[in-house]
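Summarising the annotation, TrEMBL assigns domain 'Gcp-like' to 44-328. Taken from TrEMBL, the feature divalent metal cation binding site applies to HIS129, HIS133, TYR150, ASP322. Per TrEMBL, substrate binding site is recorded for TYR150, VAL151, SER152, GLY153, GLY154, ASP182, GLY197, GLU201, ASN294.
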Amino acid sequence: MPGKTRKTPLKDADRDYLALGLEGSANKLGAGIMKHSKDGAAIVLSNIRHTYITPPGEGFQPRDTALHHREWALKVINDCLTKAGVSMHEIDCICFTKGPGMGAPLQSVALIARTLSLLFSKPLVGVNHCVGHIEMGREITGAQNPVVLYVSGGNTQVIAYSRQCYRIFGETLDIAVGNCLDRFARIINLSNDPSPGYNIEQEAKKGNRLLSLPYATKGMDISLSGILSAAETYTLDKRFRAQGATGDEDTITPQDLCFSLQETVFAMLVEITERAMAHIGSKEVLIVGGVGSNERLQQMMGIMAQERQARVFATDERFCIDNGIMIAQAGLLSYRMGYETPLAKTTCTQRFRTDEVHVAWRA
């Protein structure tokens, strides 16, 4: 009926709820405290993160990343509790990333969650990493029912909600967009501090030539491995100058390659997102995941949305980049619906698709 709002299955809170969220699916270890108050507000009490950074030209290995998470867990969690002004005894549930992600880091954080659960007699809630990004993005931006572009180091998906499920409309057929950018950063020896993707974004601002790269959309899906190979091929070209411009108009610089890679890949992402919007008739786009903090991607998506009289929603690096508070948010929503993960089922999985999750808290 016109003017009638659909009720959510999530009942109003009869008291304040507190959740500790632990994230460690890749090279970021995060802990956050989320509060759902009885007046209906969701409040971020703390959001602490520490990143495992490797030397330029190197990626992060699962074993070394897991070791980093174990070494920093105590400090990150203590800082998280101190900033929030709460103790473990006040926490209602402990939420952890069940997957997807890198096996060894996921297992390290799950072990920490189990230990805290046993020490303080708190229930556990396993959370899908992708759903954590979406729910945090919805909460922070206020987007109601958007088409979601989820872009990170390990995932690239176009998603829309239907019947208590986040359904995947399109995705990468090979590597994720963040992985593509990170690997190219290693090829041209960019620093990993604060992140290779951020440094590519800064270098791209200095580029002034759009070089030809494969534009590989396949229906609603995209392919990125060929683009990465083509960009790497340019670094072997005799016109390539690793130290930048020499005054020769024919020179190819790292900045030109960063610019060209971004423009081509982001154009592909905008195209498949627009198709999903047209299919479901949506007027909202929500960008989540680490690559979602890229200002150029937000700008290009904004141009498309403006032409469709739509809106773009995005967050800054506090919530786009992997963090513990997003796991706390999604986990607390599940917990309030009566869901808990038994200790025997707190295993992790590197492959845990977004559309496998029952989104019980939405209408």
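Just so it is clear, glycine is given a Cβ too, placed from its N, Cα and C backbone atoms.
Sequence-ordered, the extra residues of this chain that approach the divalent metal cation site, with Cβ no more than 8 Å from the Cβ center of HIS129, HIS133, TYR150, ASP322, are SER25, CYS130, GLY132, ILE134, SER152, ASN155, VAL288, GLY289, GLY290, MET326. Pairwise Cα distances among TYR150, VAL151, SER152, GLY153, GLY154, ASP182, GLY197, GLU201, ASN294, which the record gives as the binders of substrate, peak at 18 Å. TYR150 (divalent metal cation binding site) and ASN294 (substrate binding site) have their C-alpha atoms 12 Å apart, to the nearest angstrom. Using a 10 Å Cα-Cα cut-off around ASP322 (divalent metal cation binding site), the binding-site residues SER152, GLY197, ASN294 reduce to SER152.
Counting only same-chain residues at least 6 apart in sequence, those with a Cβ under 8 Å from the Cβ of GLY154 (substrate binding site) are SER25, ALA26, PRO100, GLY101, MET102, ALA176, GLY178, ASN179. If you take every residue in the domain 'Gcp-like' (44-328) and average the pLDDT, you get 96. The Cβ neighbour count for HIS133 (divalent metal cation binding site), using a 10 Å radius over every protein chain in view, is 33. For SER152 (substrate binding site), the Cβ neighbour count at a 10 Å cut-off comes to 25, with all displayed protein chains included. Per Cα geometry, SER152 is the residue among the binding-site residues SER152, GLY197, ASN294 nearest to HIS133 (divalent metal cation binding site).
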